[in-house]
């Protein structure tokens, strides 16, 4: 602030001379001189007594958090290394035997499986998901496909209904279900689907979002885990992305999600038999779901809500890293921002509602409760977002104006470098994009922080649900053109952050000596590019 006032104060002599000429007096000049000196003194005292000590305290907190994040990242990757070195794949840890048809019973030894496909105005992808579900290699008399259509567009409703009729004519047991309203969004649709009488005969439930395409042998590989291990409630597959090469933004998403599955899901499954259900590409044991109370629509992360409640009952989860399901990444920046808002707001709101329930739980050991509260929720779903945004996008840039505050190199270079490398190894083919990925993740941390705050304090958008826009098979579908009108493309939050960091970079370039401007110029560019809408397709 003083630096901004200094140029103005330096002009006061000129103004005073003019005033002296006009009023022929020296008293006014002396008064204004005194005011300028007093303002300068007050600012220096405020800066030294309040601002600098407060900033130092914030930096210390950030350093502690950076160590916690570092330890968590190293721990998860050590678990992944352990799985690889000692071949601790789920097939080796849990009993698994391939499904075989009984000569006497025929298909009767196959359990009844319900496949749910929730959708909402999914014109581009509904054929892909319905077709993939109907092609699953499972006895047709032991499989029920349920299409839960919440579409509001009559034309799309008709298309989805016709697609279901087409597969029904091929002796596929498929049911097209609609409801009168969209209460509860996806959770409400799933809950409504479970009320139908034919569902009661099913033992297992497989869920696929409208853009997911399971391979034909998906059930053959997943169901045996549930059949031969009665303590297991969930088998989760990883996602494989059909449009990862569409643009740079989808490559960045692929890197983030690959790390999520490789490190977070695999370590949770290996060490604690618990992780967050990804909402799709998973198979549930119906008994476990019913025991936990089924689907609830109190948050926008009904999948995580169900997983936590089932896990607190003592059920185990299995993540199968080499069981992949094709899916689509949002390729438009607006759609991606809405998705990230939901994925950050929902968990924060859920931990607000479930903290005491987890603490008072008597069914699981204290270490598992600690893992769920600290690692699963607090560190990964809340603290990481705040830390990434405030430390790398606010604290570091602002520190150039406060040379008295020393931020050690290990916190700005060594620790983030190790964390970045550990994250990047999940997607070796994109290793050369790691710098772009870090800068983009910092930009998105701003939106995730905002979503987390809304979830924690139940702000106005806490239950906002915007269905992620899909484009279908990007190899055969023309990409939607970016809106050419600048006002509709501009994102003011990103622009403001970019301008602020750019100012900090310029100041550090002119007066600093730590070369922090090298990072600040790159981060400012990332914010500004996002701000003018040149991200995605």
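Here the Cβ of each residue, glycine as well, is placed from N, Cα and C on the backbone.
Swiss-Prot assigns the feature transmembrane segment to residues 418-438, out of the candidate ranges 355-375, 418-438, 439-459. Comparing Cβ neighbour counts within 10 Å across the recorded positions 150, 209, 211, the minimum falls on 150. DSSP assigns residue 303 (active site) to a helix. Most Cβ pairs within less than 8 Å of the transmembrane segment (515-535), among stretches 50-70, 382-402, 418-438, belong to 382-402. The list of residues near the transmembrane segment (418-438) in space but at least 6 beyond its ends in sequence, with Cβ under 8 angstroms from a Cβ of it, reads 69-70, 73-74, 77, 248, 251-252, 254-256, 258-259, 261-263, 522, 526. In sequence order, 276, 277, 278, 279, 280 constitute the residues six or more apart from residue 303 (active site) in its chain with CB-CB distances below 8 Å.
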